Amino acid sequence: MYGIEYTTILTFFVSFIILDYTIKTLTRAMDFIIYRFLLVVVILSPLLTAQNYGINLPITGSMDTAYANSTQEENFLVSTLCLYYPNEVVSELNDDSWKNTLSQLFLTKGWPTGSVYFNEYSDIASFSINPQLYCDYNIVVVKYSTELQLDISELANLILNEWLCNPMDITLYYYQQTDETNKWISTGTSCTVKVCPLNTQTLGIGCLTTDTETFEEVATLEKLVITDVVDGVNHKINLTTATCTIRNCKKLGPRENVAIIQVGRSSTIDITADPTTMPQTERMMRINWKKWWQVFYTIVDYVNQIIQVMSKRSRSLDAAEFYYRV
């Protein structure tokens, strides 16, 4: 009996020694593998690069104070700037290397060669309806035009903000605007818009719903119309549907990576004083018209101050994606 007990104890003791030895062996092997792996990582780390997915903090500021002509010390190595201008610029400058000249001048303000893009447009009205704004920062240069002098605030409103729009069936339905961010936007070759406000019994207020001649005319033969009526009141709408389309639009918010520079003479209507564009006045500037070279020199001088009141692109390469959605 004692022999069996001694044998059991001896077996247990030997098993314990073997288990302890096995664990220590595995521990030494794991330590060897881990330390070798860390050594390889340390050696290769300086040779590897990786993408840093950080958070883009918006650039904020105020342009209530006078602009200062400054040169940015650090380069905008990860930013792009698009400058949009009317196509008449090319013919007036008559210089095949004007873009290269401006690129070199932007370089003195901290914008590397290749980070500034020049894009021309033929018609500011068409451009504002479907703006293709591809850069981190976008500056739109708008020259004063007598044909569009009363539309410039509406154009600025379209460019500086993102809109969500849906088609309207004015032959079947009455429409009302819910708040100040709700507008009716009409576009086409010739838009004449008339409205008839309705009371709670759907009877015309100062007009007859059956006679469009009694409707109030809010726009005549225009290419772009942003109609703003009394909120919370149903309206019957009459429109030249053959040459114009109308959409019910909601302003989603500002395009904070877009700024407008208005170029004009002393008689130019100042859009920065318009109540429809007042919330964006810090992203609207005016340059008195002289020559296009003078305009561009001024833009180069003050580009960094303009950028400081803008926020870098954060949602889409194509701003039109947020414009007309059906």
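Any Cβ shown, glycine's included, is placed from N, Cα and C.
Swiss-Prot lists a disulfide bond between CYS196 and one candidate from CYS165, CYS207; that candidate is CYS207. Only one of CYS135, CYS244 is recorded by Swiss-Prot as the disulfide partner of CYS191: CYS244. The Ca(2+) 2 site recorded in Swiss-Prot comprises ASP228, VAL229, ASP231, ASP301 together with one of GLN132, GLN177, GLN262, namely GLN177. The number of other Cβ atoms within 10 Å of the Cβ belonging to ASP231 (Ca(2+) 2 binding site), over all protein chains shown, comes to 11. The secondary structure of THR214 (Ca(2+) 1 binding site), as reduced to three states from DSSP, is helical. If you compare Cα positions, GLU216 (Ca(2+) 1 binding site) sits closest to CYS207 out of the recorded positions CYS82, CYS165, GLN177, CYS207, ASP231.
Within the group of disulfide-bonded residues (CYS165, CYS207, CYS249), the Cβ with the highest number of other Cβ atoms inside 10 Å belongs to CYS249. Here the candidates are the recorded positions CYS135, CYS165, CYS207, THR214, and by Cα distance the one nearest ASP301 (Ca(2+) 2 binding site) turns out to be CYS135.
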